[in-house]
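Novice: A single structure is presented below for examination.
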C-alpha cells in the first residue's frame with residue numbers, strides 16, 4: 001500500500017511537462033499500432049477538455065469578482081499596457097501574415113463550400129454579436145462559456161462588493177481559492193487527456209489529407225512560428241529590457257503545448273492561470289488579463305484570416321497592392337478580436353475579409369472548407385500561439401511595471 005502511495009505521490013509531484021511529452025509519444029505509438037485502440041481511448045481526451053471547459057467559466061467569474069472586491073486602494077492592475085500589447089500583437093501578426101503571403105504566394109484548389117454555415121455579413125454584425133454577449137444573462141453566460149459576459153458580470157459583482165464587509169470579501173476569496181485548487185487537480189490530469197487527444201487525432205485524420213496543402217500550411221505555421229519566436233520576444237524585450245527567451249520558451253512549453261492539443265483558448269484558461277501563479281504575477285492582474293486575452297488577443301486568428309484570404313486572391317488572379325494589404329491587416333485584426341463572438345471562430349470570418357477584394361461568398365465559403373480540412377494543424381497552432389501569448393504579454397507588462405515602481409522607489413529614497 002505504501003509503495004502504491006509513494007508511486008502516486010511521485011506521479012503527482014513529477015514534472016508535468018515531461019509527463020505531457022510522454023503522453024504525446026504514447027498516443028502516437030498507439031495510433032500507429034492500433035486505430036481501434038486509439039479510438040477507444042479518445043474519450044480520455046474528451047473528458048479532459050470537457051473538465052477544463054466546465055471549470056473555466058466559474059474560475060474566471062470568481063477570480064475576477066474576488067480580485068476586484070479585494071483590491072487594495074491605489075493598487076495597479078496594469079491592464080492598459082496589457083490591452084495595448086494584445087492589440088499591437090494581433091495587428092503585427094496580421095502584417096506578418098501579409099509579408100509571408102507575398103513572399104510565398106499560395107493558390108488553392110477550390111471545389112465545394114461548407115453547407116449550413118452562417119458567416120457574419122459585415123464588421124457591424126461582429127460588433128453587434130459582441131455587444132449582446134456583454135448583456136447576456138449571467139447564468140447563461142456561465143452555462144455557454146460566454147467569457148465576455150462572464151468578465152462583465154464578474155467585474156460588476158467585484159465592484160459592487162468592493163465596499164462589502166471584510167467577512168464577505170474573505171468568503172469570496174476562499175471560494176476563489178477552492179476553485180483554483182480544483183483547477184490544479186484537473187491540470188494534473190493533462191498527460192492522460194493529451195494521450196487520448198493525440199491518439200484520436202492520429203487515428204482519425206493522420207496527415208495524408210494534409211499533403212495537398214503543404215505550402216499553405218508552411219505559410220500559416222511559418223507565420224505563427226515567426227510571431228512566437230521573433231516578434232513576441234522583440235515586443236517583450238522592449239518592455240522588460242532583458243533576454244525574453246526564458247519567459248517565451250516557458251510559456252510555449254507549459255501553455256502552448258497544452259493549448260495545441262486541446263485546441264481551445266477557453267479550455268486553456270485554467271492552465272494559463274496556474275502558469276501565472278507559478279510566475280508569481282499579480283493575481284489582480286492575471287485574473288482579468290488571461291480571460292480577456294482569450295477573447296481579444298487573437299494573433300493566430302489574424303494570421304489565419306489574412307493568409308487564407310490572400311490565398312483566395314492569388315488563386316483568382318487578383319492583384320493586391322500595399323495599401324489594400326495594409327487595410328486587410330486592419331480588418332483581419334479587428335475581425336480576429338471578435339473571433340470569440342462568432343461560432344466557428346476565425347474560419348467563418350474569412351468571408352468578411354474576402355469581401356474587401358470583391359470575392360463572392362460562394363468562393364469564400366470554399367476557402368473556409370479548405371480551412372476545415374487543414375484545421376487539425378491550423379487550429380492547433382493558432383490556439384497555441386493565442387493562448388501562450390496571453391501569459392507572455394501579461395508577464396511582460398507586470399515585470400515592466402515592477403521595474404518602474406522599483407526605479408521610482410530608488411529615486412525617492
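Backbone N, Cα and C define each Cβ position, glycine as well.
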Novice: So which range, 192-212, 255-275, 276-296, gets flagged transmembrane segment in Swiss-Prot?
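Specialist: Checked against Swiss-Prot: transmembrane segment maps to 192-212.
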Novice: According to Swiss-Prot, which stretch among 82-102, 103-123 corresponds to the feature transmembrane segment?
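Specialist: In Swiss-Prot, the transmembrane segment feature sits at 82-102.
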Novice: Under Swiss-Prot, the annotation transmembrane segment belongs to which of these stretches: 216-236, 384-404?
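Specialist: Here Swiss-Prot associates transmembrane segment with the stretch 216-236.
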Novice: Where else in the chain does the transmembrane segment (82-102) make close Cβ contacts, counting only residues six or more beyond its ends and a cut-off under 8 Å?
Specialist: 219, 222-223, 226-227, 231-232, 235, 239, 285, 289, 292-293, 296-303, 305-307, 310-311, 314, 320, 325-326, 328-330, 332-333, 336-337, 385, 389, 393-394, 396-397
Novice: Using a Cβ cut-off of under 8 Å, list the residues of the same chain at least 6 residues beyond the transmembrane segment (298-318) that approach it.
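Specialist: 89-94, 96-98, 100-102, 105-108, 110, 216, 219-220, 223-224, 227, 325, 328-329, 332-333, 335-337, 339-340, 345-347, 349-350, 353-354, 356-359, 363-364, 367, 370-371, 378, 381-386, 389.
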